[in-house]
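A short worksheet on the structure shown next.
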């Protein structure tokens, strides 16, 4: 196999990716490591992270602002898909991986690199997402995965990094693994590995506790056009602004925490903690608006599509033919998803209290009402029921037991 001379490394500044830099150079004999830091709205000082990569031995360190692309190309399609893996997790972390992988491949092309690398461990989901996306976009590129091969625990990786002057950003006694982007935070490891251990309050940053959330409810309205959120409380916003505002409103009222047992791609169950206040709020509102603007059979079948969409994105198949086909179906359903949804935020809850669509509502007052304005033809119900239940009645007559 040809010796790799230049590699592009997905870099976060955390333990694993920081240790990857000296490890790639020392153990793999790679002469040039270029790091890529993705700005996904995580709120960190990315210039410090870029400098840390250079101090750790990177020949170049690139920061890419991907926030707009992340929201418009990844988060908003997930909202249209009502994407909830295992009916709970809105894919806040999973959505970022194919975007990062896409940029890794582009940078590798730009700098004529032989390979790309990431710091994912051998039993996580991200390794699958990165590898599948890279193979789809750059099948000729070699993928190097040091953390999958070095057999070091997190504590040992911290010690290895310290030998090369790399400071660890976590406590050795409580090494939580935290991933942050504009859509939310994921927290794992440490005492959270005990599924009966309550998550300590100090791990949360985007959401208030129930005790600290306001004692008065807040009613908000979310506006949609073609299935995309476009405004909150009559204020029309950019996609990024909508996510930010939804995060603040929902998070302040304690909505958006997820504590779940998750079925990982590699076959194990893991305990995961997520904070995704804005994304969960927008998905909830979008799904509610669909209930008044889509035909029942579309809603029913779209539910099947949504589940599959969430599964394949979680499993790493963002760049694939099935995902493209599901996207096409979802997109075809969204032209009528226009209107607004009223939600009450209170003490960890987001309660739908109203929904309307001026031009696309399938709800008709004159058919739904029980008042004198009712135009529903009640007399036709008997014939409908007779035909609707015919097959069941025939079965019952055939199988009923008669008594003398």
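Here the Cβ of each residue, glycine as well, is placed from N, Cα and C on the backbone.
Quantities reported herein were computed from a predicted structural model and do not represent experimental measurements.
Within its own chain, residue 16 (ATP binding site) has 119, 120, 121, 147, 157 as residues 6 or more apart in sequence whose C-beta sits under 8 angstroms from its own. According to Swiss-Prot, the feature ATP binding site maps to 10, 11, 12, 13, 14, 15, 16, 17, 18, 38, 119.
Residues or ranges marked as L-citrulline binding site by Swiss-Prot on the basis of sequence analysis: 89, 125, 129, 177, 186, 262, 274. Under a cutoff of 8 A between CB atoms, and with a sequence separation of 6+ in the same chain, the neighbours of residue 125 (L-citrulline binding site) are 94, 264, 265, 266, 314, 315, 316.
Cβ neighbour count for residue 121 (L-aspartate binding site): 17 (other Cβ atoms within 10 Å of its Cβ, all protein chains included). Per Swiss-Prot, the feature L-aspartate binding site maps to 121, 125, 126; the stated evidence is sequence analysis.
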Check the binding-site residues 12, 18, 186 for other C-beta atoms within 10 angstroms of each C-beta and report the one with the most. 18
Show which residues of the chain containing residue 126 (L-aspartate binding site), separated from it by at least 6 in sequence, have their CB under 8 Å from its CB. 93, 97, 118, 120
I want to verify one value. Collapsing DSSP to three states, which class is residue 16 (ATP binding site)? helix
Quick one: Cα separation, residue 89 (L-citrulline binding site) versus residue 12 (ATP binding site), in Å? 23
Starting from the Cβ of residue 274 (L-citrulline binding site), draw a 10 Å sphere and report how many other Cβ atoms land inside it. 26
